[in-house]
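According to TrEMBL, the protein carries these features:
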- A:34-56: transmembrane segment (TRANSMEM)
- A:36-268: domain 'ABC transmembrane type-2' (DOMAIN)
- A:109-133: transmembrane segment (TRANSMEM)
- A:153-173: transmembrane segment (TRANSMEM)
- A:182-201: transmembrane segment (TRANSMEM)
- A:245-265: transmembrane segment (TRANSMEM)
Amino acid sequence: MKQFVNRLQNRYHYALVVFKELVKTNFKLRYQGSFLGVLWSVLQPLMLFAVMYVVFVKFLKFSDGTPTFPISLLCGTCLWQFFAESTGMGMRSIVDRGDLLRKIHFPNYIIVASTTMGSMISLAINLAVVILFGTFAHAHYTWRVLLVIPSIIQLYALSLGVALLLGSLYVYFRDIGHIWEVLLQALFYATPIIYPISMVIDRGYGWAAKVMMLMPATQTIMDIRHNLISPEYVPTVWQMVNNKWLCLLPYVASVFILWLGIHVFRKYSAKFAEVL
Amino acid sequence: MTDSEKNVAVTAPQSTEDNRPVVLKVEHVAKYFRLPTEQATGLKMAFLNWTRGIKGYTEQHVLRDINFEVHQGDFFGIVGRNGSGKSTLLKIISQIYKPEKGKVTVNGKLVPFIELGVGFNPELTGRENVYLNGALLGFTREEIDAMYDDIVDFAELGEFMDQKLKNYSSGMQVRLAFSVAIKAQGDILVLDEVLAVGDEAFQRKCDNFFAHIKQDPTKTVILVTHAMDAVKKYCNKAILIKDGEIIVSGNKNDVADQYTLENLKTAKRSETEQPVNGQYPAGLSERVPRLEVRPESTPLIKTREPFRFCVDYEFNEDEEFYLTVTLFDMTRGGIICDSAADLRQTKRGRQTATFELPLDAICNGDYRITAQLRILPDPDDVQSNQQLAYTDETRSCDFALRISGNNGYALLNKNTMQVKQLV
């Protein structure tokens, strides 16, 4: 029994060592050769936000008239970018690090985990920027900010689950890469980031708004914005859907997707080295 | 000769008094790969194959029923020709591949080097790469801190460690990778053909290191190599793999000899060679459609008997002709002897001539016998000869001389020619 515990310890010890080193390497390599380096983590979402703000808020008037909409847009952009990046890069990570898999035995979920963790670091930097900007942009910080932490964990779990699932499939079918790109775009438009959810309701698509809010990614992003920026103006699934049991669906779905990802990955990961 | 071949093929009995602990046990390991017969890497093809009920792959058995044990302190060699499955075996030992059948038990920390410098990134500095590579091999930062100086010293790269790897010469990169490999403090070291690395001075260093590690009873090394010198020098046990099976196991000298023999038996071409589109193979022609040298028995010579070989030829013209047999030294280079116009032949048609060559004069090495068929339009004037055919690489006879106590740097052995000191 003691031996078993020791072995378990050794196993995760190794995984942790590799994980730390890979996260560090990925982070170092990420802005390798760029002039501004890590500053891009801050600049990129800001510039993206600027574009969206000008196009959707100024020109197309996608706004619910609340004072927090711009900062909510910035926050949503950052969160979505994390989701898109971690799933996209996580999906490709196994194939991209095929050189490692073919040469050495190590728990290969570490590759996906370290890649998504890299995106997580960017998100942390971005959220710091969001919080800083929020103080000038009518954000209402309350005790609810603490609730952001479990939501972030949920978002990470969801992204990791999707990345593990897609990553396993991508080893066998490279088509997944193209499909996911399109799907991600569709999901982006189906998430109230560039437009307020009230816009969907106002045009008489109340049912669509409810369905949208029940998607795990949307629910998490809305939860984070609600708790972080303005509990008054950003609605969550709990306010939009009456059936409280149904409201649990996106939370359960996130856990299920993570479980499914781990399950599929574990089933196929032993063969990755041979297939690649 | 045939007897010696038989002896070699028999598995050497394992020494029974070996009571050192077993650190690696490979039991009944079998492995096959599925090779796609049709392109099946896309969803469309996978779907189409599925609807048609096509499996879309063939199974290739790479390893069948491999069994062996490695004890602590062993220097264990795995040899085999290209494609024999030894790299697959190594990957199974290193747990990169999962065997379809059987099991591998490892006791201790196994450090695999299927390739040097796994995870090396050109954009990182030498130091960062050492830590990354070390982490992948399962060492924590503290553990690498402890062996870092050793690694750098061994690689002789002290002043370059903060340079990016892309600015290293290829030799420097390999040296760094190799140093990490052998300074890594594992119990079992698995090395895949990594001996031919670096310049001569570095080679000598590695040589010393292997000699040292051989003495260390706690370290075990598993070495996959083509260099029989290395097997004979370092290993205390070895196995020879052919077509996914162990054909010789145990004594390293038997393994090395058998491996040499396997290499001499290069894939023989089909017996009857028809010209393809009127084109004859290199060296042959319409006038001489057949000419080949082959050994009468094994091409691995271990006793001081003359070497017998045959020359198969086909010649149907009336002119006077002869065979010239030439002996080449493949190890040291140069022509050792040549029969010139001595071997005149009289039989026409498809014939086989048998010859004998005494080998008392020369030291061990790899040799090649080639033959040429020449005609003599004027039988009295040897200068008038005309070459009609010759044997190229595939039709010549390679043989290896491996008589014990007959090693030598020079071609001629001591019985033949020796310098005598007078004053």
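Every residue gets a Cβ built from N, Cα and C, even glycine.
These numbers come from a predicted model, not from an experiment.
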Non-local residues, at least 6 beyond the ends, that sit with Cβ under 8 Å of the transmembrane segment (A:109-133): 15, 18-19, 22-23, 26-27, 30, 38, 41-42, 45-46, 71, 74-75, 78-79, 81-82, 85-86, 89-90, 93-94, 97, 100-101, 139, 141, 152, 156, 159-160, 163-164, 167, 228-229, 262, 265-266, 269
Stretch with greatest number of CB pairs under 8 Å, the transmembrane segment (A:245-265) reference, A:34-56, A:153-173, A:182-201 candidates: A:153-173
Spatial neighbours of the transmembrane segment (A:153-173) far in sequence, C-beta under 8 Å, 6+ residues away: 79, 82-83, 86-87, 89-95, 109, 112-113, 115-116, 119-120, 180, 216-217, 220-221, 223-224, 251, 254-255, 257-262, 264-265, 267-269, 272, 275-276
Same-chain residue ranges lying at least 6 outside the transmembrane segment (A:182-201) that approach it to Cβ under 8 Å: 52, 56, 62-64, 66, 69, 73, 76-77, 80, 84, 87-88, 208-209, 212-213, 215, 217-218, 221-222, 235, 240
